[in-house]
Amino acid sequence: MHLRQSQIIYMEFTSKRCNSATQCELERNRLSPHLNCTESPFGVSNASCFGHWSMLSDCTCGDPNYRISSQGETYWCYQDGNWNPNIYQLKCLDSCSLPQNYTFIDPLVTDPIPHGTREIMACAVGFSPNDNIVRTCMDGTFSDIPKCLSSCYRLNLTDGLVIFTPDTPDYNNGTELSFSCPSGYKLLGSTSSICLQSVWQITKEPTCKGDVRFVGIYTGIIDWHFIIMKDYY
């Protein structure tokens, strides 16, 4: 029988390297990067084809920044030509880098952070988170990481009589601030403001107007004292 060149090429590409009736193929290009296992060939074996009951064991990740997905498993070559459990599902999972503008509640946290580590995040000084701060490193990524938004410093108002509630040196992003005046004064302008990305959202600067003064009128006989409330609008 004479085969055309195209038929020969087709047969070369579709033929298996190992005898599936007696061997399991170890496709090294399909193994997870950085994965190292102890190979124990049994029966008829070579560098890529392992006989029945050959095994792969003591699998580790060669790079210390990676963590293996399953420890202590032994992978056997079964009679159906497959590895059991499936060696190609064993992964070396990447660690996470320390996100910018973040610190961690745990003072022992180091960069990089191993896969599977659950951490409570905190924003750096001058920033506040917009969401839940508990996150887990999953194969090199903190999923849906909250944003660190710029905080606001205490408002510097022209009128020093205005009372702030709450009154602190700085405020987290999203904090609402209420304004009021001392007794005897009326608040004019905005009654509140909210901190958004280091900027106070305010329509009109609040001021306190109106004061109490004692005015004396001397009649020569009786010294009258009137309390006068003076309002400005």
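Quick reminder: no glycine exception, Cβ is built from N, Cα and C everywhere.
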Just choose from Cys152, Cys181, Cys208 the cysteine that TrEMBL connects to Cys195 via a disulfide.
Cys152
Just to verify a number: CA distance, Cys208 (disulfide bond) to Cys195 (disulfide bond), in angstrom, no decimals.
22
Below 8 Å Cβ to Cβ and six or more residues apart, same chain only. Which residues does that give for Cys195 (disulfide bond)?
Ser151, Cys152, Tyr171, Asn172, Asn173, Gly174, Thr175, Glu176, Leu177, Gln201
Which of these disulfide-bonded residues has the least crowded Cβ, counting other Cβ atoms within 10 Å: Cys152, Cys181, Cys208?
Cys181
